[in-house]
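Note sheet for the following structure.
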Amino acid sequence: MASVPLKRRRGRSFGEEAQGAAAPSPPLSRFPEFTLYLAERRMGRMRRAFLTELARGKGFRVDEVYSPQVTHVLMEDASGAEASDYLDRVLGASQSLQKPLLLDISWLTESIGRGKPVPVEAKYCLGIPELLKNQVPPVSMPAYACQRHTPLNHHNFHLTEALETLAEAADFEGSQGRFISFHRAASVLKALPDPITNMSQLHGLPHIGDHSSRIIQELLEHGVSNEVETIKLSKRYQTMKLFTQIFGVGVKTADRWYQEGLRTLDDLQKHSRKLTRQQEAGIHHFEDLNTPVYRHEADAIQQIVEEVVQQMLPGARVILAGGFRRGKPHGHDVDFLITHPVEGLEAGLLSKVMGRLESQGLVLYRHTQSPKNPDNTAFQSTAMDDYEKCFSILWFPKSPTTSSHLEAGESSRDGKAVRVDFVVTPISQFAFALLGWTGSQYFERELRRFSLNREEAAAE
Ligand code: DCP
Ligand code: MG
(Lines of atoms letter the chains of each structure in order from A; the text may use other names.)
(Lines give C-alpha, C1' and ligand atoms only; values in the text may rest on other atoms or scores of the structure.)
(Ligands and ions follow the chains in the order given, each with its own letter.)
Protein backbone atom coordinates (compact mmCIF):
# COMPACT_ATOMS: atom_id res chain seq x y z
CA MET A 1 0.00 0.00 0.00
CA ALA A 2 1.36 3.40 -0.94
CA SER A 3 2.22 5.42 2.10
CA VAL A 4 0.32 8.61 2.62
CA PRO A 5 1.97 11.53 4.41
CA LEU A 6 0.80 11.62 8.00
CA LYS A 7 -0.81 15.04 7.70
CA ARG A 8 -2.89 14.01 4.73
CA ARG A 9 -3.81 10.58 6.09
CA ARG A 10 -5.32 12.16 9.15
CA GLY A 11 -7.13 14.56 6.93
CA ARG A 12 -8.13 17.98 8.05
CA SER A 13 -9.56 18.41 11.43
CA PHE A 14 -13.00 19.72 10.52
CA GLY A 15 -15.15 22.05 12.52
CA GLU A 16 -13.54 24.33 15.02
CA GLU A 17 -10.02 23.86 13.76
CA ALA A 18 -11.12 24.48 10.22
CA GLN A 19 -12.03 28.10 10.86
CA GLY A 20 -10.30 30.47 8.57
CA ALA A 21 -8.83 27.76 6.36
CA ALA A 22 -9.28 28.06 2.62
CA ALA A 23 -12.39 26.13 1.56
CA PRO A 24 -11.88 23.44 -1.04
CA SER A 25 -13.90 24.04 -4.17
CA PRO A 26 -17.38 22.67 -3.49
CA PRO A 27 -18.56 19.62 -5.41
CA LEU A 28 -21.43 20.09 -7.86
CA SER A 29 -24.81 20.13 -6.16
CA ARG A 30 -28.17 18.81 -7.29
CA PHE A 31 -29.86 20.94 -4.65
CA PRO A 32 -28.51 24.48 -4.99
CA GLU A 33 -30.54 25.85 -2.09
CA PHE A 34 -28.72 23.54 0.33
CA THR A 35 -25.14 24.02 1.39
CA LEU A 36 -24.49 21.73 4.32
CA TYR A 37 -21.93 21.75 7.06
CA LEU A 38 -21.66 18.81 9.45
CA ALA A 39 -20.42 19.66 12.94
CA GLU A 40 -17.87 17.16 14.13
CA ARG A 41 -18.76 17.67 17.79
CA ARG A 42 -20.43 14.49 19.17
CA MET A 43 -20.63 13.10 15.65
CA GLY A 44 -17.00 12.11 15.49
CA ARG A 45 -14.64 12.41 12.60
CA MET A 46 -15.34 9.00 11.07
CA ARG A 47 -19.11 9.35 11.05
CA ARG A 48 -18.82 12.88 9.75
CA ALA A 49 -16.64 11.75 6.88
CA PHE A 50 -18.93 8.82 6.18
CA LEU A 51 -22.10 10.94 6.10
CA THR A 52 -20.35 13.59 4.02
CA GLU A 53 -19.47 10.95 1.48
CA LEU A 54 -23.00 9.55 1.41
CA ALA A 55 -24.61 12.98 1.12
CA ARG A 56 -22.31 14.00 -1.71
CA GLY A 57 -23.10 10.73 -3.43
CA LYS A 58 -26.75 11.81 -3.44
CA GLY A 59 -25.87 15.18 -4.90
CA PHE A 60 -25.75 17.38 -1.80
CA ARG A 61 -23.14 20.05 -1.46
CA VAL A 62 -21.36 19.47 1.83
CA ASP A 63 -18.66 21.98 2.75
CA GLU A 64 -15.84 20.82 4.95
CA VAL A 65 -15.19 24.31 6.22
CA TYR A 66 -17.81 26.56 7.69
CA SER A 67 -18.46 29.75 5.71
CA PRO A 68 -21.32 32.25 5.31
CA GLN A 69 -22.41 30.24 2.29
CA VAL A 70 -23.48 27.38 4.52
CA THR A 71 -27.30 27.24 4.71
CA HIS A 72 -27.76 24.26 7.03
CA VAL A 73 -25.61 23.12 9.94
CA LEU A 74 -26.16 19.50 10.92
CA MET A 75 -25.48 18.39 14.48
CA GLU A 76 -25.60 15.17 16.41
CA ASP A 77 -27.33 14.94 19.77
CA ALA A 78 -27.42 18.66 20.45
CA SER A 79 -30.02 20.65 22.34
CA GLY A 80 -31.32 23.91 20.89
CA ALA A 81 -29.21 25.93 23.34
CA GLU A 82 -26.05 23.96 22.56
CA ALA A 83 -26.67 24.34 18.86
CA SER A 84 -27.10 28.13 19.08
CA ASP A 85 -24.04 28.40 21.27
CA TYR A 86 -22.05 26.33 18.81
CA LEU A 87 -23.19 28.47 15.93
CA ASP A 88 -22.30 31.75 17.64
CA ARG A 89 -19.19 30.93 19.64
CA VAL A 90 -17.53 28.07 17.78
CA LEU A 91 -18.38 28.77 14.21
CA GLY A 92 -18.35 32.49 14.86
CA ALA A 93 -21.53 33.03 12.92
CA SER A 94 -23.02 35.55 15.34
CA GLN A 95 -22.06 38.40 13.05
CA SER A 96 -23.45 36.84 9.87
CA LEU A 97 -26.53 38.44 8.46
CA GLN A 98 -27.83 35.18 7.03
CA LYS A 99 -27.57 32.57 9.71
CA PRO A 100 -27.85 28.92 8.74
CA LEU A 101 -30.57 26.63 10.03
CA LEU A 102 -29.45 24.30 12.79
CA LEU A 103 -30.75 20.82 12.14
CA ASP A 104 -30.47 17.47 13.77
CA ILE A 105 -28.45 14.98 11.76
CA SER A 106 -31.60 12.87 11.33
CA TRP A 107 -32.70 15.38 8.69
CA LEU A 108 -29.66 14.43 6.64
CA THR A 109 -29.91 10.67 7.16
CA GLU A 110 -33.57 10.76 6.09
CA SER A 111 -32.72 12.94 3.11
CA ILE A 112 -29.95 10.55 2.11
CA GLY A 113 -32.38 7.66 2.45
CA ARG A 114 -34.86 9.38 0.13
CA GLY A 115 -32.21 10.62 -2.26
CA LYS A 116 -33.43 14.21 -1.92
CA PRO A 117 -33.92 16.80 0.83
CA VAL A 118 -36.92 15.97 3.02
CA PRO A 119 -38.98 18.97 4.16
CA VAL A 120 -37.40 20.86 7.04
CA GLU A 121 -40.03 20.12 9.64
CA ALA A 122 -39.99 21.53 13.14
CA LYS A 123 -38.89 18.17 14.56
CA TYR A 124 -35.50 18.54 12.89
CA CYS A 125 -34.86 22.12 14.03
CA LEU A 126 -32.43 22.51 16.89
CA GLY A 127 -32.57 26.19 17.41
CA ILE A 128 -34.01 29.05 15.51
CA PRO A 129 -31.43 31.80 15.12
CA GLU A 130 -32.66 35.23 16.16
CA LEU A 131 -32.96 36.59 12.64
CA LEU A 132 -35.04 33.62 11.52
CA LYS A 133 -37.41 33.59 14.45
CA ASN A 134 -40.28 34.83 12.30
CA GLN A 135 -39.61 32.17 9.72
CA VAL A 136 -40.32 29.06 11.80
CA PRO A 137 -40.27 26.26 9.29
CA PRO A 138 -43.88 25.15 8.86
CA VAL A 139 -45.01 21.58 9.30
CA SER A 140 -44.68 20.06 5.88
CA MET A 141 -48.19 19.44 4.56
CA PRO A 142 -48.84 18.22 1.04
CA ALA A 143 -51.78 19.93 -0.66
CA TYR A 144 -53.87 16.84 -1.43
CA ALA A 145 -55.39 14.65 1.26
CA CYS A 146 -54.43 11.54 -0.71
CA GLN A 147 -50.74 12.50 -0.33
CA ARG A 148 -50.74 12.62 3.44
CA HIS A 149 -51.24 10.35 6.37
CA THR A 150 -54.49 11.10 8.18
CA PRO A 151 -54.85 9.08 11.36
CA LEU A 152 -58.29 8.05 12.53
CA ASN A 153 -57.57 9.32 16.01
CA HIS A 154 -56.08 12.71 15.38
CA HIS A 155 -55.23 15.61 17.70
CA ASN A 156 -57.73 18.27 16.71
CA PHE A 157 -61.24 16.82 17.11
CA HIS A 158 -62.65 19.91 18.75
CA LEU A 159 -61.61 22.07 15.79
CA THR A 160 -62.45 19.64 12.99
CA GLU A 161 -65.88 18.93 14.42
CA ALA A 162 -66.71 22.64 14.27
CA LEU A 163 -65.35 23.05 10.75
CA GLU A 164 -67.24 19.98 9.58
CA THR A 165 -70.46 21.36 11.02
CA LEU A 166 -69.90 24.49 8.94
CA ALA A 167 -69.17 22.31 5.90
CA GLU A 168 -72.37 20.39 6.45
CA ALA A 169 -74.37 23.62 6.89
CA ALA A 170 -72.87 24.98 3.67
CA ASP A 171 -73.85 21.76 1.91
CA PHE A 172 -77.42 22.19 3.19
CA GLU A 173 -77.46 25.63 1.58
CA GLY A 174 -76.17 24.24 -1.71
CA SER A 175 -72.85 26.08 -1.36
CA GLN A 176 -70.39 23.52 -2.70
CA GLY A 177 -67.48 25.97 -2.60
CA ARG A 178 -67.81 26.62 1.11
CA PHE A 179 -68.57 22.96 1.76
CA ILE A 180 -65.25 21.96 0.21
CA SER A 181 -63.28 24.81 1.82
CA PHE A 182 -64.33 23.85 5.35
CA HIS A 183 -63.75 20.19 4.61
CA ARG A 184 -60.27 20.91 3.28
CA ALA A 185 -59.37 22.95 6.34
CA ALA A 186 -60.64 20.19 8.66
CA SER A 187 -58.75 17.57 6.69
CA VAL A 188 -55.46 19.49 7.05
CA LEU A 189 -55.96 19.76 10.84
CA LYS A 190 -56.60 16.00 11.03
CA ALA A 191 -53.21 15.33 9.49
CA LEU A 192 -51.25 17.45 11.99
CA PRO A 193 -48.84 15.69 14.34
CA ASP A 194 -49.91 17.83 17.33
CA PRO A 195 -52.92 19.69 18.69
CA ILE A 196 -53.28 23.29 17.59
CA THR A 197 -52.93 25.45 20.69
CA ASN A 198 -51.68 28.63 19.08
CA MET A 199 -52.64 30.41 15.87
CA SER A 200 -48.98 30.58 14.82
CA GLN A 201 -49.13 26.82 14.20
CA LEU A 202 -51.40 27.47 11.23
CA HIS A 203 -48.62 29.40 9.52
CA GLY A 204 -47.76 27.83 6.18
CA LEU A 205 -50.51 25.21 6.25
CA PRO A 206 -52.47 24.82 3.02
CA HIS A 207 -56.23 25.36 2.71
CA ILE A 208 -56.82 27.22 5.97
CA GLY A 209 -58.89 30.13 4.69
CA ASP A 210 -59.82 33.31 6.54
CA HIS A 211 -63.17 31.99 7.68
CA SER A 212 -61.71 28.72 9.01
CA SER A 213 -58.92 30.70 10.74
CA ARG A 214 -61.50 32.89 12.47
CA ILE A 215 -63.38 29.86 13.73
CA ILE A 216 -60.19 28.21 14.96
CA GLN A 217 -59.17 31.41 16.75
CA GLU A 218 -62.57 31.66 18.40
CA LEU A 219 -62.33 28.05 19.56
CA LEU A 220 -58.82 28.52 20.91
CA GLU A 221 -59.77 31.67 22.78
CA HIS A 222 -63.27 30.81 24.05
CA GLY A 223 -63.65 27.05 23.68
CA VAL A 224 -66.75 27.47 21.52
CA SER A 225 -67.61 29.23 18.30
CA ASN A 226 -70.67 31.45 18.31
CA GLU A 227 -71.26 30.91 14.64
CA VAL A 228 -71.14 27.13 14.93
CA GLU A 229 -73.39 27.06 17.99
CA THR A 230 -75.93 29.35 16.34
CA ILE A 231 -76.05 27.10 13.30
CA LYS A 232 -76.44 23.97 15.39
CA LEU A 233 -79.40 25.50 17.22
CA SER A 234 -81.14 26.77 14.08
CA LYS A 235 -84.37 25.10 12.96
CA ARG A 236 -83.08 25.04 9.40
CA TYR A 237 -79.91 23.10 10.25
CA GLN A 238 -81.68 20.70 12.59
CA THR A 239 -84.42 19.92 10.09
CA MET A 240 -82.03 19.50 7.17
CA LYS A 241 -79.89 17.22 9.31
CA LEU A 242 -82.90 15.13 10.32
CA PHE A 243 -84.19 14.78 6.77
CA THR A 244 -80.81 13.99 5.19
CA GLN A 245 -80.30 11.26 7.78
CA ILE A 246 -83.16 9.38 6.15
CA PHE A 247 -81.96 6.65 3.78
CA GLY A 248 -82.72 7.86 0.26
CA VAL A 249 -82.97 11.58 1.05
CA GLY A 250 -80.41 14.02 -0.32
CA VAL A 251 -79.99 17.75 0.24
CA LYS A 252 -82.30 18.77 -2.61
CA THR A 253 -85.23 16.69 -1.39
CA ALA A 254 -84.66 17.76 2.21
CA ASP A 255 -84.61 21.40 1.13
CA ARG A 256 -87.83 20.99 -0.88
CA TRP A 257 -89.56 19.47 2.13
CA TYR A 258 -88.26 22.25 4.35
CA GLN A 259 -89.57 24.89 1.91
CA GLU A 260 -92.94 23.13 1.98
CA GLY A 261 -93.02 23.64 5.75
CA LEU A 262 -92.34 20.02 6.76
CA ARG A 263 -90.24 19.73 9.90
CA THR A 264 -90.56 16.29 11.45
CA LEU A 265 -90.70 12.61 10.51
CA ASP A 266 -94.39 12.70 11.47
CA ASP A 267 -94.92 15.52 8.97
CA LEU A 268 -93.34 13.33 6.29
CA GLN A 269 -95.46 10.32 7.11
CA LYS A 270 -98.61 12.41 6.94
CA HIS A 271 -97.55 13.30 3.40
CA SER A 272 -96.46 9.78 2.59
CA ARG A 273 -97.49 9.94 -1.04
CA LYS A 274 -94.48 12.19 -1.53
CA LEU A 275 -92.13 9.40 -0.49
CA THR A 276 -90.26 6.87 -2.60
CA ARG A 277 -90.18 3.21 -1.55
CA GLN A 278 -86.60 3.74 -0.37
CA GLN A 279 -87.52 6.77 1.72
CA GLU A 280 -90.47 4.93 3.24
CA ALA A 281 -88.13 2.13 4.30
CA GLY A 282 -85.69 4.77 5.56
CA ILE A 283 -88.32 6.37 7.78
CA HIS A 284 -89.72 3.03 8.92
CA HIS A 285 -86.28 1.94 10.16
CA PHE A 286 -85.06 5.43 11.02
CA GLU A 287 -84.08 4.69 14.58
CA ASP A 288 -82.14 1.51 13.80
CA LEU A 289 -80.43 3.05 10.78
CA ASN A 290 -79.27 6.00 12.85
CA THR A 291 -77.82 3.78 15.53
CA PRO A 292 -74.14 3.16 14.78
CA VAL A 293 -73.19 -0.24 13.41
CA TYR A 294 -70.27 -1.61 15.42
CA ARG A 295 -67.36 -3.61 14.08
CA HIS A 296 -68.42 -6.85 15.76
CA GLU A 297 -71.87 -6.46 14.15
CA ALA A 298 -70.29 -5.88 10.75
CA ASP A 299 -68.16 -9.02 11.26
CA ALA A 300 -71.25 -11.05 12.19
CA ILE A 301 -73.13 -9.76 9.12
CA GLN A 302 -70.10 -10.65 7.01
CA GLN A 303 -70.32 -14.22 8.26
CA ILE A 304 -73.99 -14.46 7.27
CA VAL A 305 -73.25 -13.00 3.84
CA GLU A 306 -70.16 -15.17 3.31
CA GLU A 307 -72.12 -18.31 4.04
CA VAL A 308 -74.73 -17.44 1.42
CA VAL A 309 -72.12 -16.33 -1.13
CA GLN A 310 -70.20 -19.60 -0.71
CA GLN A 311 -73.38 -21.58 -1.27
CA MET A 312 -74.09 -19.66 -4.46
CA LEU A 313 -70.52 -19.52 -5.81
CA PRO A 314 -67.83 -21.48 -4.00
CA GLY A 315 -64.49 -19.68 -3.96
CA ALA A 316 -66.02 -16.20 -4.15
CA ARG A 317 -64.58 -13.62 -1.75
CA VAL A 318 -66.44 -11.16 0.45
CA ILE A 319 -64.39 -8.18 1.63
CA LEU A 320 -65.44 -5.64 4.23
CA ALA A 321 -64.72 -2.21 2.75
CA GLY A 322 -65.78 1.39 3.62
CA GLY A 323 -65.05 2.91 7.00
CA PHE A 324 -64.43 -0.44 8.72
CA ARG A 325 -61.55 -1.17 6.35
CA ARG A 326 -60.05 2.16 7.43
CA GLY A 327 -60.19 0.94 11.02
CA LYS A 328 -63.29 2.81 12.19
CA PRO A 329 -64.86 1.13 15.21
CA HIS A 330 -68.39 1.97 13.95
CA GLY A 331 -70.13 3.35 10.92
CA HIS A 332 -73.50 4.18 9.42
CA ASP A 333 -73.57 1.09 7.20
CA VAL A 334 -71.62 -2.00 6.12
CA ASP A 335 -69.97 -2.07 2.69
CA PHE A 336 -69.08 -5.38 1.06
CA LEU A 337 -67.11 -6.03 -2.09
CA ILE A 338 -67.62 -9.41 -3.70
CA THR A 339 -65.45 -10.99 -6.36
CA HIS A 340 -64.23 -14.37 -7.61
CA PRO A 341 -60.68 -15.31 -8.65
CA VAL A 342 -61.99 -16.52 -12.01
CA GLU A 343 -62.97 -13.56 -14.17
CA GLY A 344 -66.61 -13.68 -15.22
CA LEU A 345 -67.84 -16.21 -12.68
CA GLU A 346 -69.17 -13.39 -10.53
CA ALA A 347 -71.77 -12.46 -13.17
CA GLY A 348 -75.30 -12.98 -11.91
CA LEU A 349 -74.09 -13.72 -8.38
CA LEU A 350 -75.63 -10.71 -6.67
CA SER A 351 -79.26 -11.45 -7.52
CA LYS A 352 -78.82 -15.05 -6.34
CA VAL A 353 -77.27 -13.89 -3.06
CA MET A 354 -79.98 -11.32 -2.45
CA GLY A 355 -82.65 -13.88 -3.34
CA ARG A 356 -81.26 -16.33 -0.78
CA LEU A 357 -80.99 -13.65 1.92
CA GLU A 358 -84.56 -12.67 1.14
CA SER A 359 -85.77 -16.24 1.49
CA GLN A 360 -84.15 -16.25 4.94
CA GLY A 361 -86.24 -13.24 5.91
CA LEU A 362 -83.20 -10.99 6.17
CA VAL A 363 -83.95 -8.40 3.49
CA LEU A 364 -86.04 -5.44 4.61
CA TYR A 365 -85.32 -3.37 1.51
CA ARG A 366 -83.16 -3.71 -1.58
CA HIS A 367 -82.42 -1.73 -4.66
CA THR A 368 -80.12 -3.25 -7.25
CA GLN A 369 -78.11 -1.33 -9.83
CA SER A 370 -76.88 -3.21 -12.84
CA PRO A 371 -73.85 -2.11 -14.82
CA LYS A 372 -74.42 -0.13 -18.01
CA ASN A 373 -78.00 0.48 -17.03
CA PRO A 374 -79.13 3.48 -19.09
CA ASP A 375 -81.34 4.55 -16.16
CA ASN A 376 -78.29 4.72 -13.95
CA THR A 377 -78.12 8.50 -14.07
CA ALA A 378 -75.92 8.64 -10.97
CA PHE A 379 -73.13 6.98 -12.93
CA GLN A 380 -73.58 9.25 -15.92
CA SER A 381 -73.58 12.48 -13.98
CA THR A 382 -71.14 11.84 -11.15
CA ALA A 383 -67.86 10.17 -10.43
CA MET A 384 -69.62 7.00 -9.25
CA ASP A 385 -68.43 3.70 -10.64
CA ASP A 386 -70.59 1.33 -12.67
CA TYR A 387 -70.20 -1.98 -10.85
CA GLU A 388 -73.18 -4.15 -10.08
CA LYS A 389 -74.49 -3.02 -6.69
CA CYS A 390 -77.25 -3.52 -4.23
CA PHE A 391 -78.19 -0.92 -1.63
CA SER A 392 -80.10 -2.73 1.04
CA ILE A 393 -81.49 -2.75 4.53
CA LEU A 394 -80.88 -6.12 6.11
CA TRP A 395 -82.31 -7.56 9.26
CA PHE A 396 -79.44 -8.39 11.58
CA PRO A 397 -80.61 -10.99 14.11
CA LYS A 398 -78.84 -10.81 17.45
CA SER A 399 -79.03 -14.59 17.64
CA PRO A 400 -79.11 -16.66 14.43
CA THR A 401 -82.27 -18.57 15.42
CA THR A 402 -84.45 -15.46 15.35
CA SER A 403 -83.91 -14.88 11.64
CA SER A 404 -86.26 -17.63 10.42
CA HIS A 405 -89.14 -16.30 12.52
CA LEU A 406 -88.96 -12.83 11.09
CA GLU A 407 -91.25 -11.48 8.44
CA ALA A 408 -89.57 -9.02 6.07
CA GLY A 409 -90.22 -5.46 7.18
CA GLU A 410 -90.86 -6.44 10.77
CA SER A 411 -88.83 -5.26 13.65
CA SER A 412 -88.15 -7.07 16.89
CA ARG A 413 -85.98 -6.48 19.91
CA ASP A 414 -83.86 -9.50 19.00
CA GLY A 415 -82.11 -7.70 16.21
CA LYS A 416 -81.89 -4.52 14.24
CA ALA A 417 -82.14 -3.12 10.75
CA VAL A 418 -78.76 -2.33 9.19
CA ARG A 419 -77.85 -0.60 5.94
CA VAL A 420 -75.70 -2.90 3.85
CA ASP A 421 -74.20 -2.13 0.44
CA PHE A 422 -72.96 -4.87 -1.88
CA VAL A 423 -70.65 -4.23 -4.81
CA VAL A 424 -69.70 -7.05 -7.18
CA THR A 425 -66.66 -6.72 -9.43
CA PRO A 426 -64.79 -8.98 -11.82
CA ILE A 427 -61.38 -9.82 -10.38
CA SER A 428 -59.63 -7.66 -13.02
CA GLN A 429 -61.31 -4.57 -11.53
CA PHE A 430 -61.25 -5.59 -7.91
CA ALA A 431 -58.23 -3.48 -6.93
CA PHE A 432 -59.82 -0.31 -8.29
CA ALA A 433 -63.14 -1.09 -6.62
CA LEU A 434 -61.37 -1.72 -3.34
CA LEU A 435 -59.55 1.61 -3.58
CA GLY A 436 -62.78 3.41 -4.49
CA TRP A 437 -64.89 1.78 -1.78
CA THR A 438 -62.42 2.04 1.06
CA GLY A 439 -62.80 5.82 1.15
CA SER A 440 -63.12 8.10 2.83
CA GLN A 441 -65.40 9.98 0.48
CA TYR A 442 -63.16 13.03 0.84
CA PHE A 443 -60.02 10.97 0.22
CA GLU A 444 -61.58 9.62 -3.00
CA ARG A 445 -62.49 13.11 -4.11
CA GLU A 446 -58.94 14.26 -3.49
CA LEU A 447 -57.52 11.26 -5.32
CA ARG A 448 -59.55 12.17 -8.39
CA ARG A 449 -58.52 15.82 -8.16
CA PHE A 450 -54.87 14.88 -7.70
CA SER A 451 -54.97 12.50 -10.69
CA LEU A 452 -56.68 15.04 -12.93
CA ASN A 453 -54.19 17.76 -12.02
CA ARG A 454 -51.30 15.37 -12.67
CA GLU A 455 -52.76 14.55 -16.07
CA GLU A 456 -53.13 18.23 -16.89
CA ALA A 457 -49.62 18.99 -15.69
CA ALA A 458 -48.23 16.15 -17.79
CA ALA A 459 -50.07 17.42 -20.86
CA GLU A 460 -48.64 20.94 -20.50
N1 DCP B 1 -67.85 6.63 -1.74
C2 DCP B 1 -67.41 7.62 -2.60
N3 DCP B 1 -68.27 8.61 -2.99
C4 DCP B 1 -69.53 8.64 -2.53
C5 DCP B 1 -69.98 7.65 -1.64
C6 DCP B 1 -69.10 6.65 -1.26
O7 DCP B 1 -66.27 7.62 -3.02
N8 DCP B 1 -70.33 9.61 -2.92
C9 DCP B 1 -66.89 5.58 -1.33
C10 DCP B 1 -66.00 6.07 -0.25
C11 DCP B 1 -66.65 5.56 0.99
C12 DCP B 1 -67.20 4.24 0.54
O13 DCP B 1 -67.59 4.47 -0.81
O14 DCP B 1 -65.75 5.42 2.04
C15 DCP B 1 -68.35 3.74 1.36
O16 DCP B 1 -69.34 4.76 1.49
P17 DCP B 1 -69.99 5.09 2.88
O18 DCP B 1 -70.97 6.19 2.64
O19 DCP B 1 -70.50 3.85 3.52
O20 DCP B 1 -68.78 5.71 3.69
P21 DCP B 1 -67.93 5.13 4.87
O22 DCP B 1 -68.03 3.65 4.91
O23 DCP B 1 -66.60 5.72 4.73
O24 DCP B 1 -68.62 5.76 6.14
P25 DCP B 1 -69.47 5.03 7.28
O26 DCP B 1 -68.45 4.44 8.19
O27 DCP B 1 -70.28 6.08 7.93
O28 DCP B 1 -70.31 4.00 6.59
MG1 MG C 1 -69.82 2.60 5.05
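In case you wondered, yes, glycine gets a Cβ from its N, Cα and C as well.
As given in TrEMBL:
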COMPBIAS  1-12  compositional bias 'Basic residues'
REGION    1-26  region 'Disordered'
DOMAIN    26-125  domain 'BRCT'
BINDING   Asp333, Asp335, Asp421  Mg(2+) binding site
I'd like to know which of the binding-site residues Asp333, Asp335 has the most other Cβ atoms within 10 Å of its Cβ.
Asp335
CB-centroid shell, 8 A cutoff, Mg(2+) site Asp333, Asp335, Asp421, site residues removed:
Ala321, Gly322, Gly331, Val334, Phe336, Phe391, Arg419, Val420, Phe422
Binding-site residues close to ligand 2 - of Asp333, Asp335, Asp421, only those whose C-beta is under 6 Å away:
Asp333, Asp335
Residues of the domain 'BRCT' (26-125) by DSSP state, where helix covers H, G and I:
40 helix, 15 strand, 45 coil
